[in-house]
Amino acid sequence: MTEKINLLNLSEPELQGFIASQGQPLYRATQLLQWIHQRGVTDFSLMTDLSKPFRQQLSEASFVRVPELALERVSADGTHKWLFRLADNNKIETVFIPDRKRGTLCVSSQVGCALNCSFCATGKEGFNRNLTLAEIIGQVWLAARLLKSPYKITNVVMMGMGEPLLNYEAVVAAMHLMMHDHAYGLSKYRVTLSTSGVIPAMRRLREESPVSLAVSLHAPNDALRNVLIPLNKKYSLDQLIPLCRDYYSRGSKRCVTFEYVMIEGMNDRLIDAKQLIRLLADVPCKINLIPFNSFQGTAYRCSTESAISVFQKCLMDAGFNTRVRRTRGDDIAGACGQLAGQFHDRTGRHQRWVQKQGHDFNRPIPAIDH
């Protein structure tokens with residue numbers, strides 16, 4: 001007996017291939033996209049513009065399965081954090097950040113993270129595996145259903161758990177669905193992928209996907225970046241910065257956004273700002289300064305408001321479009337760098353971290369009843 005297929009795990013070309021294999025015209029793929037993603041219907045019997053024989057055919061050959069909601073927390077500022085349970089019982093976190101006329105969904109790409117950035121809670125939890133397409137787009141599907149009016153997803157950022165470009169195929173396929181007119185219909189300007197700098201995958205992404213790019217920079221030189229982002233030892237700034245400079249054509253008016261976490265006494269001095277100015281001198285870019293969000297066991301501390309203000313002014317005086325990202329959801333451990341999830345670490349990294357600190361920092365998350 002042929003194993004049933006989860007339609008949520010198919011890219012648009014794969015869905016069209018599945019439809020063709022069922023002897024159906026290709027427009028059926030469009031209908032299924034609309035039913036599943038726009039209307040949120042997973043029961044084939046309710047897809048009323050499909051013939052009854054085809055609905056029966058679908059139920060025999062396929063299904064639609066999304067992750068399950070395990071827990072939810074809502075911040076005092078309106079930020080939502082969800083813990084989603086996967087089929088293998090690993091759990092990931094997804095965050096929704098409302099802000100005036102926009103609502104940003106922060107989506108995870110891995111169970112844990114394959115990288116081990118020193119300032120990020122996710123990295124300390126270790127790594128289990130890449131998420132499937134169904135598990136990535138399923139976060140968007142679930143969030144759209146869970147949010148109550150007036151909340152609405154207007155932007156998606158691949159900035160949750162994991163390094164997106166180490167899960168390239170599934171992430172790019174998911175972003176394509178986010179932008180598809182018959183799925184979520186988001187503009188390419190409203191879907192952003194954030195990377196720590198996986199150079200080969202960045203080059204490929206530039207050719208294959210029109211999404212906006214953000215780069216986790218966090219340091220103005222290799223010596224410091226090697227400490228904060230160990231990946232820099234493989235892909236250093238002399239490779240990363242030229243690629244960012246030429247990532248978008250000069251005539252497009254688009255540019256890379258650099259993310260820079262502000263850590264007291266480490267990368268927040270005036271000398272660091274001046275070094276950053278020299279590093280990015282000819283790079284069309286925007287800079288987001290991110291106040292460091294603490295997590296249990298870290299020795300890092302957030303820069304003072306005064307230090308952040310001086311750093312920002314120095315960059316702006318040099319002509320850089322620089323903003324300070326407002327911290328959201330930190331009271332529910334939903335802010336940048338705080339996501340942890342609950343999963344089996346296959347690397348042993350979390351246990352080594354626990355032994356080093358003398359505590360287990362895998363935080364329990366109180367539930368909200370549904």
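Going from the start of the chain as shown, residues are counted 1 onward.
A Cβ is built for glycine as well, from the same backbone N, Cα and C atoms used for every other residue.
Quick look at what Swiss-Prot lists:
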type: ACT_SITE; residues: GLU93; note: active site, proton acceptor
type: ACT_SITE; residues: CYS336; note: active site, S-methylcysteine intermediate
type: BINDING; residues: CYS113, CYS117, CYS120; note: [4Fe-4S] cluster binding site
type: BINDING; residues: GLY162, GLU163, SER194, SER216, LEU217, HIS218, ASN293; note: S-adenosyl-L-methionine binding site
type: DISULFID; residues: CYS106-CYS336; note: disulfide bond
type: DOMAIN; residues: 99-331; note: domain 'Radical SAM core'
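Projection of Swiss-Prot feature records onto the structure.
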{"residue": "GLU93", "record": "active site, proton acceptor", "Cβ within 10 Å": "25"}
{"residue": "CYS106", "record": "disulfide bond", "Cβ within 10 Å": "28"}
{"residue": "CYS113", "record": "[4Fe-4S] cluster binding site", "Cβ within 10 Å": "28"}
{"residue": "GLY162", "record": "S-adenosyl-L-methionine binding site", "Cβ within 10 Å": "29"}
{"residue": "GLU163", "record": "S-adenosyl-L-methionine binding site", "Cβ within 10 Å": "26"}
{"residue": "SER194", "record": "S-adenosyl-L-methionine binding site", "Cβ within 10 Å": "21"}
{"residue": "SER216", "record": "S-adenosyl-L-methionine binding site", "Cβ within 10 Å": "26"}
{"residue": "LEU217", "record": "S-adenosyl-L-methionine binding site", "Cβ within 10 Å": "29"}
{"residue": "HIS218", "record": "S-adenosyl-L-methionine binding site", "Cβ within 10 Å": "26"}
{"residue": "ASN293", "record": "S-adenosyl-L-methionine binding site", "Cβ within 10 Å": "22"}
For this session: Look up GLU93 (active site, proton acceptor) in the DSSP assignment and report helix, strand or coil.
Result: strand
Exercise. Distance between CYS106 (disulfide bond) and SER216 (S-adenosyl-L-methionine binding site) at the Cα atoms, whole Å?
Worked result: 15
For this session: Note down the number of other Cβ atoms within 10 Å of the Cβ of CYS117 ([4Fe-4S] cluster binding site), including every protein chain shown.
Result: 22
Problem set entry | CYS113 ([4Fe-4S] cluster binding site) and SER194 (S-adenosyl-L-methionine binding site), Cα-Cα, nearest whole angstrom | 13
For this session: Across all the protein chains here, work out how many other Cβ atoms are within 10 Å of the Cβ of CYS120 ([4Fe-4S] cluster binding site).
Result: 26
Problem set entry | SER216 (S-adenosyl-L-methionine binding site) to GLU93 (active site, proton acceptor) - Cα separation in whole Å | 20
Exercise. Rounded to the nearest angstrom, how far is the Cα of GLY162 (S-adenosyl-L-methionine binding site) from the Cα of the residue listed as 'active site, proton acceptor'?
Worked result: 11
Seminar exercise, completed: The rounded CA-CA distance in Å from HIS218 (S-adenosyl-L-methionine binding site) to CYS120 ([4Fe-4S] cluster binding site) is 12
Seminar exercise, completed: Here the binding-site residues are CYS113, CYS117, CYS120, and the Cα closest to that of GLY162 (S-adenosyl-L-methionine binding site) is found at CYS113
Problem set entry | Candidate binding-site residues CYS113, CYS117, CYS120, pick with smallest Cα gap to GLU163 (S-adenosyl-L-methionine binding site) | CYS113
